[in-house]
Amino acid sequence: MDRRPLLLAAVLALAVVATTVAVPAMVSARPAYEIPVTAADDPDSLDSAEGEAWTEVPAAGVPLSSAGAAVPGGDDTTVENVRVASARTDERLYVRLSWEDGTRDTGADDVREFPDAVAVQLPANESARPPITMGSTDNPVNVWYWNGANASQELLAGGPGTTTTLTDSELRTAATYDGGRWRVVFSRPLAGASENRTTITGTRDVDVAVAVWNGSNMERSGQKATSEWYYLALGPGPQGPPYEAILWTVAGVAIVLTTLVTIEGVRRTRGE
Amino acid sequence: MSQTGSGEDVRLAEGIDHQVAMVMDLNKCIGCQTCTIACKTNWTDGGGREYMYWNNVETKPGSGYPRDWEEMGGGWDEEGQERTPGDLPESEDYGRPWEFNHEQVMYEGSDEPLRPMDQADWGPNWDEDEGAGEYPNSYYFYLPRICNHCTHPSCVEACPRSALYKREEDGIVLVDQDRCRGYRYCVEGCPYKKVYYNAMKKTSEKCIFCYPRIEGEGPEGEVMAPSCAEDCPPQLRMVGYLDDEEGPIHKLVNEYEVAVRLHPEYRTEPNVYYIPPFAPPQHSESGESVEAERIPRNYLEELFGPAVNEALNTIERERARVERGEESEVMEMLTTTDTADQYRLEVFDE
Ligand code: SF4
Ligand code: SF4
């Protein structure tokens, strides 16, 4: 009696079971440090920090810790987490950050008053990852900065203490504070890369790091809560919906195959 | 560090060609605030600077401006190596600009005296002339203050962006308005509280030693001493370079050591020096002079460090010489009314 088909059937059956259990888990656990980028087509809604469109965009929870910079109180930071979501249309890239902060600090009108602030840091040139501490002279970073006291700024930095404002910025921001939570949306046209401005294409991931300042704790400058390097999943890598689809296709094919092989095996065993 | 011909060591900050400096003779200050107004109308009458006095004159003993600035920390540790953290003053410590009833008095014919409307509970030199001590031996003196353009400025070190810097040509300490992002570490770091935050411009600002005047940028293209010095009625400020061996600054500071630094223990090495106040002795109830100094030495030591003792002793000796009809270069320098002797700003010009 030929036992091989039976064995094959058993193995395949096991594989189906394993795949069925594992696949959903695998697709919901994104690769570490990934910030998924959702394709969307409602720019007006994305432009607003509370826009409907953002409910459809998955966010990554990003842990923060103090940057440890050599300024007085450099280690004294208060924000521990920020949620980062990203979406793109054909024209623009959007990044929305949201974090908890019990006090809404939007002034800098008194000598002891500092505003809440947030920044997104991208390598100015995507070909090499710059040092996380604001880049370096030969590997600068492009920074999108917003604070509660004034409009946003686009900056270039080549190491700590070197930020310079880029004057021809096309950066847009919108912010809301509600229920003890800041929500800030940054967006930039996909086009418009330059020597000092990150190239964003749909074909490559882009490194990204974030920083948050709590104004009521007099946080400013290097006294800030920062993340490690993450990446905006813009490239074709194992990510988001295509990744999920491939896995489910593999699983589906396996189920069909297994069923066929099992049937065949049973038939042969019966000597048909 | 540079060595002068006469052998005295004149310590200049590294990379500085010459160090501009000022000596103020506290025995002559009448507290008229002309210097304060001269500075204010020249430089700080713009938006966001209402509360700022790059030059201020406070009464000592007293809380000063900003209130209790001497308690706010900043400067360097004893070795002069590590910065000691300082505090940001409250805006109330500077004193908020007051509203006056100009409108009513000038235009509406009110009989009220001209006076501040409200919030008049603190301001620069609020404790004017209060001083300390008991009648008939109470005492006070005026202390005019500008940025000291320190040799080892903690404001410069405090800025993570190097927005403050010491000019190579004359050691003047300036804030680069384009680099400043309003972090205010300099405000914390200066133990003399001589950097101010402009909330309208969102940058820090400070005394610039009237550098356009000393560069001859005035209407006549003439080199002029800072406004606070030129406009002072009793002409108590001498201006020149610390490393100009023929000038009064070098002689008073390094040769005779009668001009001393304010709070040398902060270790920023100020380049503004003071001839300490030399008050008449105490009086008895019946009005007789008694053998006791009016301004307690320990208070002067608190302000000017132990060097104040030798300075006062030297001044006393020199005064005695003049009284005996002898020559005294120190007293000549301190009493001259010739501005050419008081301001030597063109000695290093090529
Ligand atoms: S007095 Fe203060 S502001 Fe001026 S140079 Fe010294 S440390 Fe800096
Ligand atoms: S102008 Fe001269 S006398 Fe008048 S307060 Fe200023 S330093 Fe003193």
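Placed from the backbone N, Cα and C atoms, the Cβ positions cover glycine too.
TrEMBL: automatically predicted annotations, no manual curation.
Residues or ranges marked as domain '4Fe-4S ferredoxin-type' by TrEMBL: B:20-49, B:138-169, B:171-200. Residues or ranges marked as region 'Disordered' by TrEMBL: B:64-92.
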DSSP residue counts for the domain '4Fe-4S ferredoxin-type' (B:171-200), split into helix, strand and coil: 5 helix, 7 strand, 18 coil
Secondary structure content, the region 'Disordered' (B:64-92) (per DSSP, counts of residues): 5 helix, 4 strand, 20 coil
Tally of residues which DSSP labels helix, strand or coil - the domain '4Fe-4S ferredoxin-type' (B:138-169): 5 helix, 9 strand, 18 coil
Non-local residues, at least 6 beyond the ends, that sit with Cβ under 8 Å of the domain '4Fe-4S ferredoxin-type' (B:20-49): 55-57, 59, 124-125, 128-129, 141-144, 146, 149, 170-172, 196, 198-201, 205, 207-210, 214, 226-242, 248-249, 252-253, 259, 271-278, 334, 345
Same-chain residues near the domain '4Fe-4S ferredoxin-type' (B:138-169), Cβ under 8 Å, at least 6 residues beyond its ends: 11-13, 15-22, 24, 26, 29-31, 35, 39, 54-62, 64, 74-76, 80, 83, 129-132, 175-176, 179-181, 183, 185-186, 188-192, 194-195, 204, 206-207, 209, 211, 226, 228, 237, 261-262, 266-272, 274, 277, 279, 294-295, 303
DSSP-derived helix, strand and coil totals, residue by residue, for the domain '4Fe-4S ferredoxin-type' (B:20-49): 10 helix, 6 strand, 14 coil
PLDDT averaged over the residues of the domain '4Fe-4S ferredoxin-type' (B:171-200): 97
